[in-house]
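Peer 1: So Swiss-Prot lists these for the protein:
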BINDING   Thr72, Gly73, Lys74, Thr75, Val76, Tyr220, Arg232  ATP binding site
Amino acid sequence: MNEGEQLHLDQLFEKLLKARKIFKNKEVLRHSYTPKDLPHRHEQIETLAQILVPVLKGETPSNIFVYGKTGTGKTVTVKFVTEELKKVSHKYNIPVDVIYINCEIVDTHYRVLANIVNHFKHETGIEVPLVGWPTDEVYAKLKQVIDMRERFVIIVLDEIDKLVKKSGDEVLYSLTRINTELKRAKVSVIGISNDLKFKEYLDPRVLSSLSEEEVVFPPYDANQLRDILMQRAEEAFYPGVLDDGVIPLCAALAAREHGDARKALDLLRVAGEIAEREGASKVTEKHVWKAQEKIEQDMMEEVIKTLPLQSKVLLYAIVLLDENGELPANTGEVYSVYRDLCEYLDLEPLTQRRISDLINELDMLGIINAKVVSKGRYGRTKEIRLNVTPYKIRNVFRYDYTIQPLLAISLKDSQRRLV
């Protein structure tokens with residue numbers, strides 16, 4: 001960078017600093033933020049408090065299962081109530097530890113137990129590696145560290161349905177029977193699930209040891225979402241920077257998707273960020289629509305990024321057909337290119353029937369459109385089109401070493417390999 005470029009960059013930062021500020025505290029709009037009040041969740045707060053109040057009397061509370069779709073306030077409400085419980089218990093000299101575990105990340109029996117042990121490492125000096133020990137040994141350490149003194153331990157397992165679907169229900173069995181093996185401490189579990197049918201995945205022996213109470217969180221409606229956004233906006237934005245239509249529009253768009261407060265907060269935050277980057281003095285409805293487009297684009301990129309390898313190869317076959325002007329294509333045509341690409345990668349191809357299933361999955365995810373059409377006496381077939389531009393898909397695959405080798409080849413290259 002030469003001196004002129006350095007000066008220009010300095011001036012750019014100065015200019016950006018002097019621009020009218022939009023955000024007073026952007027963190028208020030993050031999912032991780034716990035507000036001082038939770039509008040339209042007072043009933044659920046009271047129910048959780050009633051279930052947990054035995055702690056303050058020295059009694060073990062029931063285990064709790066919290067249900068509701070994404071963005072219905074489950075996690076923030078549980079965090080709010082358990083934080084308040086800790087404050088009150090401190091006043092009464094009752095030791096309470098709350099351990100929050102996100103089971104989308106900590107997704108095995110071993111890792112959940114290790115996380116609980118390591119929560120106490122500053123107190124006990126005991127730390128378990130995240131892999132490598134026998135699970136029974138980790139469980140023994142868990143009992144040892146928890147039972148070092150009298151206390152209540154509340155273990156919050158967020159997205160517990162994902163843990164059970166991936167790794168089974170052994171962790172729940174371990175934690176729900178642990179109280180029979182402890183002498184000083186008492187343990188209670190709060191499971192948070194997006195899946196209302198979650199308990200159908202549990203073994204009868206786990207169900208019998210749970211003795212749980214259930215709290216259901218219904219979706220928010222547009223008016224409730226508006227109240228939530230109004231409350232957060234007061235702390236998040238400087239006065240007068242939001243146009244009157246911004247919050248109602250964010251609320252209405254999020255209400256379409258089962259009343260998702262997370263989506264509403266994301267829309268408001270991203271709209272503010274776009275306005276800030278544009279140097280606008282106000283956040284307008286135009287910025288909300290741009291935010292909606294950006295969030296959908298980011299979500300689609302994330303979906304593509306996390307596809308299994310076989311689905312990525314299949315998707316790239318469809319990209320090549322599109323770039324060659326050969327869409328819509330049928331399943332057989334797509335399968336032919338997919339098989340060539342598998343050979344290029346030295347990858348065992350799946351059967352055409354299995355690829356037909358993967359095409360349906362890509363269709364359900366919204367990445368492609370696979371419409372069944374009638375060909376008269378030739379029967380019915382799928383017409384496959386892309387819903388995402390080849391450029392965007394290539395851009396995601398650029399950073400994926402498993403699929404990268406394919407990016408340099410064209411449709412003709414892939415077909416030539418078999419000649």
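A Cβ is built for glycine as well, from the same backbone N, Cα and C atoms used for every other residue.
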Peer 1: Including all protein chains shown, what's the count of other C-beta atoms within 10 A of the C-beta of Lys74 (ATP binding site)?
Peer 2: 24
Peer 1: Count the other Cβ atoms sitting within 10 Å of the Cβ of Gly73 (ATP binding site), across every protein chain shown.
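Peer 2: Other Cβ atoms found within 10 Å: 25.
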Peer 1: Looking at Cβ-Cβ distances, which residues of the chain lie under 8 angstroms from Thr75 (ATP binding site) while being 6 or more apart from it?
Peer 2: His31, Asp158, Ile192
Peer 1: Helix, strand or coil: which one is Val76 (ATP binding site) in, per DSSP?
Peer 2: helix
Peer 1: Within 10 Å of each Cβ, count the other Cβ atoms and name the one among the binding-site residues Val76, Tyr220 with the highest count.
Peer 2: Tyr220
Peer 1: Which secondary structure state does DSSP assign to Tyr220 (ATP binding site), in the simple three-class scheme?
Peer 2: coil
Peer 1: For Arg232 (ATP binding site), which residues of its chain lie six or more apart in sequence with Cβ-Cβ distance below 8 Å?
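Peer 2: The list for Arg232 (ATP binding site) reads Val28, Leu29, Pro35, Leu265, Leu268, given in order along the sequence.
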Peer 1: Translate the DSSP assignment of Arg232 (ATP binding site) into the three-state scheme.
Peer 2: helix
